[in-house]
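Student: My structure is below; once you've seen it, I'll send some questions.
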């Protein structure tokens, strides 16, 4: 939906004492991403320009985390309440006259659809203030919404509320839509005559009422969206809610989960329909998984692209790799960054690859290291094969062309080039290039000494 001019201020200055951490509270992760990135993404998705973050404790760390986002920052050097925090952003918004959203950096679960409802209601009613509210069975600690019928009269904080007001279940989420010029004018007249000696943003509602302006409200359909994070217990609770939301969205899109409560997927991960995800799987970063894939238990995949019909067996780790279709990986395989599998491959148990391009149909079934290597199509790598790529100073490349058969327990001392359709005998150490269609052997000739043990081992002398 097209909206009037939009801007956003995101409050991210709090120290988060109850987190008991040197790290700023808003940088603690939810589903693998710093929690502040969720409201930032929501504001930017709705076209909020400018988007201003009010920072304080750990300001440099927060700025560094968001350095690539089109946002600006305002410093709140002293924590004097939410009203004071918004005033700190005034200079960055002095030319702005549209709808101003106020979001919280420690409220990461707010859905885009909810933000859309808040904006639409605020613009439709032409209110000076529209507050996002929620109904809680246990509202202790939250500011209560004071109403007269459908009209919002104000908000009273927990420490300032009367006994009767504390029975109200509708609470302030701390998320607002304001008419920008009005809110800054109203804040200029706000004092700190309250129990906390802070500048309450909620006093703006009283100023709007006094000016005869409308104060509106939008009630959350799901109160969990307004969950603020103040300690590590709430961090874990919010993480579980986000995980459930991500997994349910994927299930509705055609992905099967054996146990969604034990599966950890970051929000930007994409999975195609008819894929099956087992418990203990962790998928993160820029990961895209195709259709019909099977990801078995205790697999970790980060920053990888998997084509259709890929089978990743238990205990495998994939990082920064591309995997072609109809490929089997694992169990207990490790694909390190720079691995590219063309498709129809087998990378078996205890195989490690790094900066390896492996051609169509090639396989390494077990106990192998392939690093800084280029393999052609239909190459068979025998058990125990190692590309010796590092000389203590530099890395070197191994090239193995199409249709090569490599026997077990082979070492390729790079740089080395193996021609197509050649055969490498088991137990060989290959230090020189091998031409196409050749047999290469480097092991010594077998020698048999008859009765050697009977002559040299006292334990065996009486067994003749």
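Glycine is no exception: its Cβ is also placed from the backbone N, Cα and C atoms.
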Student: Check Swiss-Prot for me: it has 389, 390, 408, 426 binding acetyl-CoA, so pick out which one of 443, 447 it puts in that same site.
Tutor: 443
Student: State the three-class DSSP label for residue 13 (UDP-N-acetyl-alpha-D-glucosamine binding site), counting H, G and I as helix, E and B as strand, and everything else as coil.
Tutor: coil
Student: Pop the Cα-Cα gap between residue 106 (Mg(2+) binding site) and residue 13 (UDP-N-acetyl-alpha-D-glucosamine binding site) into the table, whole Å please.
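Tutor: Distance between the two Cα atoms comes out at 10 Å.
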Student: Residue list, the region 'Linker' (233-253) vs rest of chain: Cβ under 8 Å, 6 or more residues beyond ends.
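Tutor: Same-chain contacts beyond the flanks: 19, 28-31, 35, 108-109, 224, 227, 260-261, 263-267, 269, 271, 273.
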Student: Between residue 143 (UDP-N-acetyl-alpha-D-glucosamine binding site) and residue 106 (Mg(2+) binding site), find the distance joining the two CA atoms and give it rounded to the nearest Å.
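Tutor: Each residue's Cα considered, residue 143 (UDP-N-acetyl-alpha-D-glucosamine binding site) and residue 106 (Mg(2+) binding site) end up 17 Å apart.
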Student: Between residue 426 (acetyl-CoA binding site) and residue 366 (active site, proton acceptor), what C-alpha distance do you get in Å?
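Tutor: Just about 15 Å between their Cα atoms.
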